[in-house]
Each structure stands twice: as C-alpha cells, then as structure tokens.
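Take a look at the structure below.
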C-alpha cells in the first residue's frame with residue numbers, strides 16, 4: 001500500500017471524521033439513479049433494476065422514515081439528480097445508467113456519506129475525490145459476474161461464427177451463404193486471451209475450457225497453481241507479449257488511470273490482423289476512434305461489447321456505424337437474476353450503514369481515505 005504524506009493523512013482523517021459524524025442515525029435522503037423501465041416495467045415483477053422497480057426497496061426505506069428519490073435524469077445543471085446533490089446522504093447508481101459523480105458534485109454534496117454501485121464497477125465516481133472527502137464507496141461485488149461472463153462467451157461465438165450478417169440476411173429477405181461463410185470459423189483451437197483475470201475473467205476461462213481453445217491471461221496477480229492447472233490457462237506477465245498471439249482478446253480489467261485508453265492506435269496496430277475483440281469491461285479502456293478505424297480497415301476483424309463512453313452513447317458515436325461490430329447497450333450485467341442479486345446487496349449495505357456496521361470487505365472501493373487495490 002502506498003504511504004500517504006502526513007499532511008494528506010491528516011486531511012483525509014479530518015474529512016473521514018466529518019463524514020462519519022453525518023452517518024449517525026436519523027432520517028436519511030437516499031437518491032437512486034437507474035434506467036427507465038417504461039412500458040416494460042410492469043411485464044416482470046422481478047424487473048427491479050429500473051426506475052419503476054427502484055431496487056424493490058422503496059417500501060422498506062420509507063417504512064423506516066427515510067426519503068427515497070429515484071430518477072433517470074442525471075446530466076447537467078438542471079437535472080433531477082443535480083437538484084438533490086446538496087442535501088442527499090446516500091447516492092445509489094448503476095454502471096448501466098451511471099450517475100457521473102465528479103469532484104465538483106462531491107464538493108456540493110455537504111451531507112453525502114455513502115456512494116453505492118448497484119452492480120460492479122465504480123469508475124463513474126471520481127474515486128480520488130471521494131477518498132479525499134472521506135466518503136465510503138462500495139459496490140455489490142460478485143453480483144453479476146456470472147451474467148457478464150456468460151455474455152462474453154456469447155459475444156465470442158457471435159464474432160467467431162460471423163452471426164450478425166446472417167441475422168441481417170434473415171430479416172431483410174436475403175440468402176447469401178458465401179457472404180457469411182467466408183469469415184466464419186470454429187472456436188476450437190483458437191487462442192483466446194483475457195486482459196484481466198479477476199472474478200469475471202476466471203469464470204470466462206472456465207467456461208471456455210470445454211471448447212478446447214488455447215487460453216492465455218494477463219493480470220497483476222497470478223492464479224493459484226491448482227486453479228490455473230484446472231482451467232488450463234497460461235499466465236502471460238507481459239501484456240504486449242500476449243496480445244499478438246491472440247485470435248480473440250477479451251477485456252476484463254477495471255477502468256483506472258492506468259487502463260484508460262490502454263488500447264490506443266499504437267497498441268491496436270500490434271495486434272494480429274483480423275483479431276476479434278470483446279469488451280464488456282469499460283468503453284474508455286479503448287481509444288474510440290482507433291477502434292472504429294481498425295474495424296474499417298479490417299485490422300480488427302470484429303468488435304463486440306456492451307460498454308461505451310459516455311453512457312448512454314450519443315447517436316453519432318463512431319461504434320454505431322463501424323463495420324463488423326456486434327455492439328449492444330450496456331446490458332450484460334443487468335439480467336433479471338443479476339438485478340435481484342445487486343438489489344439484495346444494496347439493501348444489505350444500507351441496513352449495515354444505518355446501524356453503523358461494516359460492509360463485506362470485498363465490497364469496499366473507497367474506505368477511510370484508501371482506494372481498493374485494483375484502483376490504485
């Protein structure tokens with residue numbers, strides 16, 4: 001752990017004490033920012049991750065005297081979220097419709113105690129500013145790892161088998177087998193590399209094992225030898241040594257200062273021509289225009305993912321129009337099963353917060369002025 005200077009430690013400790021004083025009992029104002037369910041909200045009683053579902057915790061919170069505001073309006077000085085920044089105590093957001101919590105917003109939020117992510121990935125928050133302000137940031141670790149890993153496997157197969165052009169043919173009345181088959185392959189025997197092998201990366205590698213692929217992984221931590229042997233994956237210490245070996249690259253690393261723009265024009269140029277890339281991690285890990293250009297030139301043979309920057313993606317985002325893509329909105333981690341898990345996790349942490357109890361250690365992203373190791 002990096003040592004802080006005495007001055008910064010004192011400032012952080014002072015801020016932490018200030019924020020913790022607010023965390024005493026009494027009525028709290030909690031704001032949730034989620035995507036709208038619209039006409040779909042009433043079709044499934046377990047659809048709790050939308051504005052209308054409100055994580056299924058409204059009745060519980062209000063029965064305890066707390067105020068619970070839920071909105072999807074999160075951007076700009078006149079947004080619904082902005083109106084509540086000065087006096088909210090807890091802000092709940094989600095990676096699928098992120099409320100961008102900037103240093104400016106943190107400064108305005110004089111009563112703010114807790115920032116919760118309903119899901120995994122808290123990079124929509126300025127974590128350094130949150131740490132300096134003595135805030136707690138936490139997420140529901142593990143809540144949608146299975147959901148995302150399954151989605152990644154699906155996307156690998158969609159790209160390898162050139163599925164999307166075939167689908168388009170079926171709905172436009174065409175029948176051109178050659179237009180699909182000339183770049184459709186088997187997954188067996190291909191080299192798959194994951195950049196990051198945390199909870200999601202490990203699950204993906206385990207699910208790929210039956211396909212008899214050559215599995216590689218790059219991570220700051222090496223797996224336990226027994227697990228590595230069981231999965232049949234090989235550790236690659238140097239990222240730039242691994243990448244040119246890969247037929248398929250999957251991004252499974254968090255967005256940090258070090259990984260932002262990690263795949264720029266120069267790194268992409270070193271990849272195998274025709275490489276397939278799946279990114280369900282974060283859009284900002286990629287240089288947006290460099291990916292679009294490489295897809296247009298054919299250097300990237302196919303790109304699929306559900307993460308963009310910013311989110312929601314504007315209508316003129318280059319990835320919407322590049323060839324050979326299989327992009328979707330940010331959906332992989334918000335299956336109904338995942339929603340129920342992260343809703344339960346948020347409720348558990350709120351209960352603990354109201355009682356002054358600690359969260360499960362793995363859920364903390366910022367605690368007492370320190371960032372979790374993956375964000376340092």
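Backbone N, Cα and C atoms are what each Cβ position is placed from, and that goes for glycine too.
These come from TrEMBL:
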BINDING   120, 144  substrate binding site
BINDING   145, 199-200, 219, 254-258, 280, 306, 330-333  NAD(+) binding site
DOMAIN    60-358  domain 'D-isomer specific 2-hydroxyacid dehydrogenase catalytic'
DOMAIN    154-332  domain 'D-isomer specific 2-hydroxyacid dehydrogenase NAD-binding'
SITE      282  site 'Important for catalytic activity'
SITE      330  site 'Important for catalytic activity'
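Cα to Cα, residue 200 (NAD(+) binding site) and residue 144 (substrate binding site) are separated by 9 Å. Between the alpha carbons (Cα) of residue 145 (NAD(+) binding site) and residue 120 (substrate binding site) lies a span of roughly 8 Å. For the binding-site residues 120, 331, counting C-beta atoms within 10 A of each C-beta gives the highest total at 120. In the structure as shown, the Cβ atom of residue 333 (NAD(+) binding site) sits within 10 Å of 29 other Cβ atoms. If you check the binding-site residues 120, 144, 254, 258, 306 against residue 330 (site 'Important for catalytic activity'), the ones with a Cα inside 10 Å of its Cα are 306.
When each of the binding-site residues 144, 145, 256 is scored by how many other Cβ atoms sit within 10 Å of its Cβ, 256 comes out lowest. Regional average pLDDT for the domain 'D-isomer specific 2-hydroxyacid dehydrogenase catalytic' (60-358) in the model is 97. Looking at residue 256 (NAD(+) binding site) and residue 282 (site 'Important for catalytic activity'), their Cα atoms lie 10 Å from each other. Of all the recorded positions given, namely 258, 282, 330, the one with the smallest number of surrounding CB atoms inside 10 A is 258. Cα-Cα distance from residue 306 (NAD(+) binding site) to residue 282 (site 'Important for catalytic activity'): 8 Å (rounded to the nearest whole number). Proximity of residue 254 (NAD(+) binding site) to non-local residues of its own chain (separation of 6 or more, Cβ distance below 8 Å) is seen for 121, 123, 196, 281, 282, 374, 375, given in sequence order. The two recorded residues, residue 144 (substrate binding site) and residue 333 (NAD(+) binding site), have Cα atoms 5 Å apart.
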